[in-house]
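*Asks:* To start, I am sharing the structure in question, which I have written as structure tokens.
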């Protein structure tokens, strides 16, 4: 099962937070729509060692998805985007390969690693492109429609800077209008000047939980991301949400 990571804007830190969750919980990663190449998937996979599933739509230009698709002479059909299928393990090929504490191999091809991982752990972090109202098609289909199509709960990544309150409350309203479940907010400290009142205002006026405040990192590396502890309450929430989701299938 899966959770969806969206943000209040582009470059708000969705990939960093996705990487953080994958590192601490050992979940796989899936970015169904990518613009600007496969840099996000490559970063998460190389940083965490978990499988990064191939994007369904990937475009070379780092611009809005519907524009990138048009420039590439194609279009985005969200009905073609499904949660990755679970395949059989190739455990006979990896028994002698070093593993991490999550049972994931450190040195293994992406295909083989993904198949092994799926047997042990089928939980996935899905990362969106841009914010929830970014257009995907010229017919008006937006990222929020993809989230609704996948039927997965959402975590919103917000900035800690000026303007975050408005952007976050607008994002919440867009999701709530579609009756999409929001697990909570992660505040990403994108600079050293952290505005503490943002968190309080978002929690109060958005009637939602601040799951975590991610600190400003001067260097973004595996070690620096892993050094940011994930609270037990957030871990428990994510695990219980997916267990509950599984029980309904």
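A Cβ is built for glycine as well, from the same backbone N, Cα and C atoms used for every other residue.
Per Swiss-Prot, active site is recorded for 31, and the stated evidence type is sequence analysis. As annotated by Swiss-Prot, ATP binding site applies to 11-16, 40, 127-130, 188-189, 215-217. Among the features that Swiss-Prot reports, Mg(2+) binding site is placed at 15, 40, 127, with the record citing sequence analysis. Annotation source Swiss-Prot lists substrate binding site at 35, citing sequence analysis.
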*Asks:* Of all the recorded positions given, namely 31, 35, 127, which is spatially nearest to residue 13 (ATP binding site) at the Cα level?
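*Replies:* Of all the candidates listed, 127 is nearest in space.
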*Asks:* Starting from the Mg(2+) site formed by 15, 40, 127, give every other residue of that chain whose CB sits within 8 Å of the mean position of their CB atoms, in sequence order.
*Replies:* 5, 14, 18, 19, 29, 31, 34, 41, 43, 44
*Asks:* So what sits near the residue listed as 'active site' in its own chain, CB-to-CB under 8 Å and at least six residues off in sequence?
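*Replies:* Expected: 40, 41, 52, 55, 126, 127, 128, 129.
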*Asks:* By the count of other Cβ atoms within 10 Å, pick out the sparsest of the binding-site residues 11, 15, 35, 189.
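*Replies:* With the binding-site residues 11, 15, 35, 189, fewest surrounding Cβ atoms within 10 Å: 11.
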*Asks:* Measuring Cα to Cα, tell me the gap between residue 11 (ATP binding site) and residue 35 (substrate binding site) in whole angstrom.
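*Replies:* Residue 35 (substrate binding site) has its Cα 12 Å from the Cα of residue 11 (ATP binding site).
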*Asks:* What does DSSP assign residue 15 (ATP binding site), in three states?
*Replies:* helix
*Asks:* Tell me whether residue 189 (ATP binding site) sits in a helix, a strand or coil according to DSSP.
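*Replies:* Note: residue 189 (ATP binding site) is coil by DSSP, not helix or strand.
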*Asks:* Taking the Cβ of residue 13 (ATP binding site) as the centre, how many other Cβ atoms fall within a 10 Å radius?
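*Replies:* For residue 13 (ATP binding site), the count of other Cβ atoms within 10 Å is 25.
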*Asks:* How far is it from residue 216 (ATP binding site) to residue 35 (substrate binding site), counting Cα to Cα, in Å?
*Replies:* 25
*Asks:* Quiz question: given the binding-site residues 40, 127, which has the greatest number of C-beta atoms lying within 10 angstroms of its own C-beta?
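*Replies:* Max Cβ neighbours within 10 Å, all protein chains included: 127.
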*Asks:* Measuring Cα to Cα, how many Å separate residue 189 (ATP binding site) from the residue listed as 'substrate binding site'?
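*Replies:* The Cα atom of residue 189 (ATP binding site) is 24 Å away from the Cα atom of the residue listed as 'substrate binding site'.
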